[in-house]
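K.L.:
Please find one structure pasted underneath; my questions will follow.
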């Protein structure tokens, strides 16, 4: 009986670090490729917390002390090409923070002599594939089901289509609303003070995981001295930008007012109250939103009757299905009328042919009677 080959203790140690109960690993990008990133200090901390497993991986080597054992194991990972030392690409704190991120998302390569040396405060990426988890097979099996479900969406019940539509539309409206609010707040504070107040400053960051992009809630960005033009944050520049934005908004509202007046040929008079302007703009946004929603509902094949109650649109247009049915009914009626007319014409033609035949028969009878009368006279 063949004996099983002994497992590589360093490989087993690396798999343990990447499995559940190991060190923290985060996704990162190095030269356009995704890797799993870990920190040297986390490896040292794990070795101190698991001395027996670490000593078994080192096979009695590494010297005395947990720190020396951790450095030995880290150096073995680099020597076996199981990991590689890297560095963060962006070395400046994010807006609203004073410290660098714990796990950078973008990495840069180090020189070969530094990339093969283990240090406790360094960053490292795994260079081999992670062992396949059973959950990977589960998610792989769910992907075809999701594709089939998306293909069967046109056959879904009307209530399911309405629910999916409003769920996705609500999520998109929330994202766009937050981004618009961030931009408006930053612009307004910059115009007034020269400093931009950002709501959720890290929400668009690629350096943080999703659990950390909502911190901090607000942050103030100050212009860096000695960088950029002196006119970039000058009061005259802010006044000019504010005037341009105000004129743009006013002209947009004025065009909307002009298009909503009953008689567009009369000369336009600018509104005197800001409340009237805001009312018109809000009504225009509501009307355009309703129109896009109705068009998208029609494109998805959702019946109007199914979402009038949810949307509160009591004056919705005639449903597309009803219009199609009415058109089909009218076409059928015209076809029936055409068939009836053709049948009537055929019957009339047959009647005319019969009448002609009767006339010929009558003429023949008269001719025969005349011949018989002549014979009798003779």
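Using the three backbone atoms N, Cα and C, a Cβ is placed for every residue, glycine included.
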K.L.:
In TrEMBL, which of 43-72, 73-102, 103-132, 163-192 is labelled transmembrane segment?
P.N.:
163-192
K.L.:
If you check TrEMBL, which stretch out of 289-333, 334-378 is marked region 'Disordered'?
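P.N.:
Residues 334-378 are the ones TrEMBL records as region 'Disordered'.
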K.L.:
Can you name the far-off residues of the same chain, 6+ from the ends of the transmembrane segment (136-157), with a Cβ under 8 Å from a Cβ of it?
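P.N.:
Same-chain contacts beyond the ends: 164, 300-301.
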